[in-house]
Structures are given as structure tokens and as C-alpha cells.
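Trainee: Mind having a look at this structure? Questions to follow.
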Amino acid sequence: MSNRRTFAIISHPDAGKTTLTEKLLLQGGAIHLAGEVKARGQARRARSDWMKIEQQRGISVTSSVMTFEKDYDGETITFNLLDTPGHEDFSEDTYRTLTAVDSAVMVIDAAKGIEPQTRKLFEVCRLRNVPIITFVNKVDREGRDPFETLDEVADMLALDVSPQMWPIGMGGQFEGLLDFESGEVSRPEGPSKEFLGKRDSDPEIPEEWAEEAELAKVGYPEFDLDAYRSGDLTPVYFGSALKSFGVTELIDAIAKHAPPPRPQPAGDEQIAPGHDEVTGFIFKVQANMDPNHRDRIAFMRQVSGTFKRGMKLTPSGLGKPIAIHSPILFFAQDREIADTAEAGDIIGIPNHGTLRVGDTLSEKDAVRFTGLPNFAPEILRRVQLKDPTKTKQLRKALDDLSEEGVIQVFYPEIGAQHIVGVVGQLQLDVLISRLSAEYKVEAVLEASPFATARWLKGERKALDEFESFNRANLARDRDGDLVFMAKSPWDVNYQIEKNPELTFSATKER
Ligand code: G4P
């Protein structure tokens with residue numbers, strides 16, 4: 001049985017994801033002072049110009065991996081926490097990160113309930129049957145009636161909810177948290193009313209709250225491991241990330257209930273962790289983590305086998321093996337060179353553009369993981385250079401950034417202007433900012449006549465014929481694949497009807 005738990009936290013901005021992350025790392029001994037996650041984040045931001053956007057918008061554009069461990073009766077559980085970008089514009093990036101996890105923690109603000117971003121992220125999890133543990137945060141503040149929150153989760157997300165804890169009072173009247181399983185109440189202490197480890201095993205609970213807790217216990221389904229793992233039921237923990245309530249219970253629940261590494265789809269096959277070779281897929285590429293070295297890190301989710309440093313793996317996009325000499329494991333404080341890694345782990349692979357999002361890496365070069373598509377862009381813009389002598393630099397930059405998955409780039413069959421496509425507006429800001437900061441290319445974006453794009457597939461003859469009539473609406477993507485640039489959704493439907501022998505695909509698997 002694997003001791004890896006690879007998960008992400010999904011939430012709406014401000015629900016408390018950063019604070020909870022910090023407390024989880026603190027519990028795992030990965031950091032020693034609360035506040036370090038943010039502090040480190042700021043130090044990192046200061047290093048790179050383009051990350052100014054993060055500061056201006058107060059969002060996290062870069063996503064990272066944090067690994068920490070906790071012992072349970074002699075067994076060490078390794079937690080890999082993948083940070084999902086917290087902005088709704090980054091649906092594509094977030095989607096890919098969620099393909100690399102086996103479970104998720106959904107953080108809800110006790111006063112606000114399910115917010116739009118929580119819901120979107122939840123839908124992505126549901127699409128992939130990712131099981132979810134719910135953490136209702138900020139019970140130290142005046143919030144909604146907990147029953148209301150539970151019913152909202154159940155109704156809006158069509159999930160069974162199974163409370164595992166109950167707050168004794170909220171806000172000013174908050175007297176602690178009752179753990180249903182142990183019957184203990186964790187108590188606030190000191191002037192800041194934090195949880196400092198005081199657990200009451202024979203608690204006196206005011207009648208009103210005792211009744212409520214009893215009602216919650218009998219009124220909702222009991223925890224059922226199978227129902228949780230198949231995504232039909234969510235166990236609900238209450239707590240306060242800020243005051244450290246419910247954090248131990250949450251981490252223990254992940255250790256105990258969250259699934260170990262799951263098989264991953266590869267066409268018609270499922271590759272299980274026990275598969276007889278090392279396999280994995282790249283779900284993210286991040287450039288310039290250290291601007292002095294212009295390095296580029298590809299994040300690989302390992303799916304099977306035992307990886308050893310120096311091992312040769314073949315990336316599907318390259319077709320020949322490369323030796324992985326300096327893999328990186330992301331222990332929260334430092335980047336560390338990894339000697340071995342197991343299924344479920346995330347390995348950072350430094351490279352100069354050979355690895356791309358969606359690539360499969362494997363020893364035998366026979367497996368191809370699926371389910372990491374590019375999505376048809378919803379916003380298309382023409383890139384206009386301010387200095388026309390920089391065409392070469394622009395092309396290099398656009399190729400790089402599309403490999404990283406920041407944008408998609410399309411080269412029209414007619415005309416010299418490059419077209420960039422994104423799923424969300426923020427990606428365009430990142431593009432302009434990085435073009436200028438990293439490639440010294442000043443550019444502006446102009447409206448393009450196109451509204452969306454579809455990847456074209458079909459027999460050579462049919463494709464050629466379509467091409468000869470529609471050259472003005474055709475482009476090649478970064479891989480040289482043919483793309484139909486549509487002026488409207490109507491345009492797409494029209495062409496689909498007119499060309500039954502071709503497929504117009506809204507996603508592309510690499
Ligand atoms: P995010 O990453 O999900 O965006 O949320 P983050 O952790 O940054 O938390 C958002 C705000 O909510 C922060 O306050 C944080 O201190 C507060 N918060 C998080 N968890 C709790 C909790 O359990 N109880 C209470 N009362 N507050 C909580 P801020 O004032 O915006 O930031 P800061 O100045 O405190 O850092």
C-alpha cells in the first residue's frame with residue numbers, strides 16, 4: 001500500500017487556502033514558523049519582473065508543489081500538496097494541476113458558503129472523480145448556521161455530506177470543536193483564543209450546542225469510504241486555519257481516507273502504480289523560477305514504478321531518451337535533489353524546452369497518458385510588434401510561452417501576424433509582461449477577426465480540399481497541426497455541417 005497522498009486545495013480567493021497551507025506545512029514540520037509561506041512567496045516575487053502582476057492583482061500566478069511528512073504509528077505518510085492558481089482566469093492551468101492529484105480539500109468560508117470559484121473547481125474535480133474532503137473554515141468568526149452550510153454543499157454540489165466535527169458556538173461564542181469520532185473537544189486558549197493543543201476528553205457542552213451536534217450526527221449520512229472515494233460523499237471538517245482548529249483532524253483524515261496514487265488513463269488502458277516501468281506525465285512547465293539561470297522546470301506527476309536519479313526516460317514529444325540527472329523534489333523549504341521517487345510524487349525536471357505540457361515520460365516509450373488536453377481558446381488576439389526588427393525574438397518568445405502553456409500560438413497560413421489564444425484574460429497580461437521583462441520584446445495586442453479555434457482532423461484528401469478553399473481561416477499551431485480559425489460559433493457549426501468527413505475538435509491531446 002502506497003504511503004503517498006497527492007492532493008490540492010481548492011477554494012475561492014480569501015477562503016483561507018494560504019493560511020491552511022501554512023498550517024498543514026507547520027504540522028508536517030516542513031516549516032517552523034507560520035507566515036513563512038507568504039514571506040517566501042514575497043521574496044520570490046521580488047526576484048522576477050513579470051511576477052509584478054501577482055502583486056498588483058494580489059493573486060498567485062505561479063503554482064508549486066509542497067511535500068511534507070507525518071508519522072502514524074511508525075508509518076511515514078508523505079503528502080504532496082499541489083498549489084492551484086487561485087484565479088478564475090486560469091482554468092486551463094488549474095485543470096491540468098488537478099489532473100495530477102488523487103484527491104482535493106475544498107475550503108469554504110463559514111460565512112460565505114460555496115462561492116463561484118469553489119464551484120468551478122469542484123466541477124473539474126467531479127469530471128475526473130477526484131474525491132473531496134470539505135473544510136469549513138473561519139468558525140472563530142461569526143458565520144452562517146453550520147446546517148445551512150452543509151445543506152448548501154449537499155444541494156449545490158449534489159453530494160452527500162457527512163460532518164465529522166461540530167463547532168461549539170461560533171464567533172464571539174466559540175468554545176471549541178467537537179470531534180465526533182473521539183468525542184473530544186479542542187479548546188481555545190489564551191488571549192488570542194487559539195488552539196494550542198488542549199483537548200477535553202470529558203467535555204461539558206452547553207445544552208443547545210449538544211443538541212445541535214447530536215442532530216448533525218444522526219441527521220446526515222455516516223462516513224463511507226467507498227462513497228467518498230468514488231466522489232459521491234464528502235466528509236466535512238470544521239475549523240479555523242488562523243487559530244489552528246481542525247487542522248490536525250484534517251491532515252489525519254487525508255492520511256487515513258484519501259486515496260493513494262490512482263491509476264491514470266492512457267487511451268483505453270489504465271496505468272496503475274504497480275505497472276512494471278517508470279511512467280509519468282508533465283502537467284506543468286514553469287520558466288525562470290531562477291531568472292539568473294533562465295531555467296525551466298517541467299513538473300512530472302509520476303504514475304508508476306520507482307524512479308532513480310540518473311534514469312533514462314523517453315519523453316513522448318521527443319522520441320529519444322534523456323537522462324534525468326538532477327530531478328528536484330519539492331520539500332517545502334528548499335528544492336532538493338531527488339535520489340528516488342515513487343508513484344504519486346511530483347518530480348521537477350530542469351530542461352531547456354525539450355519537455356512540454358502533456359508529454360508522457362516512460363522507460364519503454366509505449367505508454368501515452370491522455371486527459372491533458374489543450375482547450376480551444378476563447379480569446380484570440382493579434383500580436384503587433386512595436387519594433388518590427390524583433391520578429392525573431394517574438395517568435396522564440398511565443399514558442400517558449402506556448403510550451404509552458406501560458407498561451408497558445410497560431411501562425412496563420414496567410415499573413416505574417418501571429419495570433420495568440422487564451423482561455424482567460426489574465427493570461428494576456430502575463431504574456432505582455434513577460435515578453436517585455438524576459439525577452440525585451442515590446443508588443444501590443446490587437447483585436448483579431450476570430451472568436452475561437454478548432455483543431456482539424458481527417459483524411460489527407462479532404463484536408464487538402466478544405467485547405468484550398470479556406471486558407472484565410474487556417475493556421476498552424478506550435479506543433480504544425482492544422483487549425484480552423486472561426487469568426488463565430490455559428491461559423492464552426494456551419495463548417496461542421498458542410499464537412500462531415502472532417503472533425504473539428506475543441507480540445508487537442510498531445
Ligand atoms: P486565500 O489564500 O484563500 O486567498 O486566503 P488567505 O489564507 O490569504 O486568507 C484570507 C484572509 O482570511 C486573511 O486575512 C486570513 O488571515 C483570513 N483567515 C484565514 N483563515 C482564517 C480563519 O480561520 N479565521 C479567521 N478569522 N480569518 C482567517 P487578511 O486580513 O486578508 O490577510 P492577513 O493580513 O491576515 O494576512
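Positions of Cβ are set from backbone N, Cα and C atoms, glycine also.
Positions annotated as domain 'Tr-type G' by TrEMBL: 2-262. Per TrEMBL, GTP binding site is recorded for 11-18, 83-87, 137-140. Among the features that TrEMBL reports, region 'Disordered' is placed at 183-203. According to TrEMBL, the compositional bias 'Basic and acidic residues' annotation covers 184-202.
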Trainee: According to DSSP, which of helix, strand or coil covers Lys17 (GTP binding site)?
Mentor: helix
Trainee: Taking only the residues in the domain 'Tr-type G' (2-262), give me the average pLDDT of this model.
Mentor: 85
Trainee: What does DSSP say about Thr84 (GTP binding site): helix, strand or coil?
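Mentor: Coil, per DSSP.
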